[in-house]
Amino acid sequence: MLQSRTRWHQPEVDEHLAEQLKKELNVSVLSARLLAARGFESAEKVRQMIQNDWSIVHNPYLLDGMENAVRRIQQAVENKERILVFGDYDADGVSSTTIMIRLLSELGASFGWYIPNRFTEGYGPNVPAFQSAHDEGASLIITVDTGIAAVKEIQTANDLGMDVIITDHHEPPPELPPAYAIINPKKPGCGYPFKELAGVGVAYKLAHALLPEEPVHWLDIVTLGTISDLVPLVEENRLFVQHGLKLLTNSKLPGIQALKRICSIEGEQLEEDHVGFAMGPRLNAAGRMEEADPAVHLLTAGTLDEAESWAEMIDDLNNERKSLVESITKEAVEEVESNYPVEENPFIIAAGEGWNAGVIGIVASRLVERYYRPVIVISIDTATGEAKGSARSIEGFDMFQELSKNRDLLQKFGGHPMAAGMSLDPANINALRARMASQVEETLSRELLVPATNIDVHVSVSDITIDAVEDLRSLAPFGVGNPKPVFRIEKTLLESVKTIGASKNHLKMALAAGGKKLDCVGFHLGYLSESLAENEEVSVVGELSINEWNGFRKPQLFLRDAKVEQIQVFDRRKEKKISFPDNKDTAVIAFTEEQRQTLAKSAGEAAILNGADTEGEAHSAVTVVIADMPASLNELKQALAFFPKAANIYVYLLGREKAYFHSMPSREQFKWYYAFLKKRGSFDLNNQGRQLAEHKQWKTEDLFFMSQVFFELGFVRMKDAVVSAEEKPAKKDLTDSLSYQEKMEARNVEQELMFTPFSQLKKRILSWLPEKDETILDVRKKVNHGL
C-alpha cells in the first residue's frame, strides 16, 4: 500500500451535462467532463469564457478616483510640472512603472521614475524619497503597485506641497492615505465590477483613461506583471493575458527579445508558464538582489544591444538568487526542525540574522511546500536592529486578516490573503509566533493542515490522446482562478517505475491499460520509486501535457500524487544488498543468525526478527522485509503469520548457498559410489576424495554429501573423514536420510522462491498473510495443517 501525500478532493460530475457539452462544442471527453466539473452549465457559457471578447472590458472611469487623477495629470502635463512615478521592486511593480513611463512619454510630460531599494528603504513610499522628489522639483507623485498603506508618507508629501495619486491593488487598511486621488478597485465604495486587477492592470486602466484609444499594444507588459503577481486569471485579467501572450510571442521590442533570449524561449509560442517560471523570476531577481532599476531599463531599452546588456545583468542576478534561496532555505529548515517542529507548531516563523530580505518570500514558499503550514520568514539586520518579514499562507487562513489582528506588534505590513510583507522589532518575533499559532488553531482543523489536491475529473488512459490534451489549451491561460486541470487515473497497472535525472531524484513510470501506455513524470518524487511495485494497480493525479522529443509527440502526465490501496509485494531477488526504512513500522525477517547480526548494525528503529521463531505476538509492522532464504516453505508461512497489518512486503532472499545450482547426485552416482565403498572397504575423503572426484568428473562436495547420506542410513561408518562400509546394513531408501531430505527441501524452496515467476510467488506470499481479524493462533493452525 501507499498512502497519498495529500487529501484528494474531487467534485461530482454531471455526466449528462458532460455528454451534452461534448456534442454541442465538439470537444474531447476530457474537455467536456472538465467543463462540467467546473460549473459550466451550457455551451453558451463556455463560448463566452473561451471567446472572452472586448465587451467584457470595463470603462476605466468606473474606478473611484479616476476622474480626479486624469484631471490632475492633464493639468501637470499642460503646465509642464515635474511628475515622479514611484514604483515597487517586484515584477508587477516593474511592469507598472514601465506602463507609466510609456504613458507619460506619449503625453509629452516632464517626469522621472523611482523604485526604492528593498534593503535600505524597505517596501513602499518613504519620507526621504519624497523629500528628494520635492527637492528636485516634483509637484506630482504617481505611485504604481504601492502606496495604499502609506498614510504618514502621503501626509508628508502634502505638507511639502506635492500632490499624490495612488494606483494600487493591495488590500486597503482601515485608514486610507490623504492622497489627491486613490485608484484601487478594492477600495471601500469603489464600484468597479472587477476587483482582481494586478498593479499593472490598474496602471493600464489609468493609461486607457488618459489616451484617446485603449493601448492594447501595451498588453505585453501588462501580461508580465499580471502573471508574475499571481492574480486570478479570470475576466479582464484573462483577456489581457490571452492577447498579451500573443504580443510577447511576436514582440519586436528590444527588451522583450533580449529577455526571451536569456530565458531560451526564442521562437516558441509563449504560454503562461514561460512568463511565470522564466521571464517573471528574472524581472523579480533585480529587486530581490540589488535594485529593480535594471529590470525597468531592460523593458524600456531603445536598442537590442542595450537590452541584451541589461538582460545579462538580471540573468546573473537570478542565478545568484537561486543559490541564495537554497542556502537560506537549508538554514530555515534546520531552525524549524531543531527548535519549532511542525508537530507542535501550527504556525511557522523562521528568523535569521543577515538573511537576504529580497529572497525570504521565496524561502517562505519553500517552507509552505515542505510543511504545509502558514509561514513567515524574517530577516534580521543586526546593524540597524530592524527585521523584515515575508509571509505565505495555506488554504483557509487569510494571512492579511490574521496579521491585521497583530498591528501592535508590526511597524508596517501589507498584502493579500495568501501573502504579506512586514517590518517589525525583532523583540516582537516570539510574541507574534505565539499569537499566530493560536489563531491557526482557532481557524484551521487538523485535517486542514494536511495539503489538499483539488482534482477536476477522473479519466482513463484510453481517453488521453494528443488531440484531447491539445483541446485543453482552449481553456488557457491557466493560473490562479483558472488552475491547470488536474486529472485522476484510477487503479491502473503500473508497468514500470524508475528514477531519472543526474541525482536520481525524479520519478518516471509507465501506466498500461487496454493496450495503451501513458508515461508519468514526477519531479522531486524519485523517493516514491521504493514505494511503488511494478505490476500493481496504482491511482495517480496530475496534469496532462504533450512530450516532444526528436519530432515525436506523445501525451504524458506530470505526477502530483499517487496511492496504492492493496498490499504490495516488491521483487528484490536480484539485489545484492538489503535496504529498508529504519523506522518502527518496519520489520525485517531474517532466518539465519549471521544475517540478523549484519542487519542489526543499520536497523535504526526497525525490528530484526528471527524468522524461525514461532512464538510471540502479532507485530504491528506495515513494511515487512524478507531478508534471506528460509529452511522450508513452512518456515516462511509461519513467519508471515505474525504480520496482520503488512502493507508492503520486500522479497530479497539473500544469503544461503544456492542449492538449486548444486545438483543432487543421481541414483546412478549413489549406486556406483556405494559399490566402490563396498569393494574398497574404507576410503579417506580428505586424502583421496579430490582424486576420485576428478576421475569421475564429480564435485568433491558431492562425495562428502553421499557419504553423509550413507552414514545416516547405516550403510557406512565414518571417523575423521574415513568412510568404511558396513557388512550387512538394513535396506533403506535414500529419502530416509535427513540430509537427503534437507537438500531436497532446499532445492524445492529455492525453486519455489527464487526461480518461480514473481506473479506466482506474489500470490503465494499474499495467501500466507493472516486476515485482518485472524489471531496468530488461527493462522498457526492453518499453517500446521497445510490449509
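Glycine is no exception: its Cβ is also placed from the backbone N, Cα and C atoms.
Whatever TrEMBL says is automated annotation, not expert-curated.
Noted in TrEMBL for the protein shown:
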- 82-226: domain 'DDH' (DOMAIN)
- 346-441: domain 'DHHA1' (DOMAIN)
- 455-561: domain 'RecJ OB' (DOMAIN)
- 568-763: domain 'Single-stranded-DNA-specific exonuclease RecJ C-terminal' (DOMAIN)
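Per-residue pLDDT, averaged over the domain 'RecJ OB' (455-561), rounds to 94. In the domain 'DDH' (82-226), the DSSP tally of helix, strand and coil residues is 58 helix, 25 strand, 62 coil.
Residues in the domain 'DHHA1' (346-441) partition by DSSP class (helix H, G, I; strand E, B; coil) as 37 helix, 30 strand, 29 coil.
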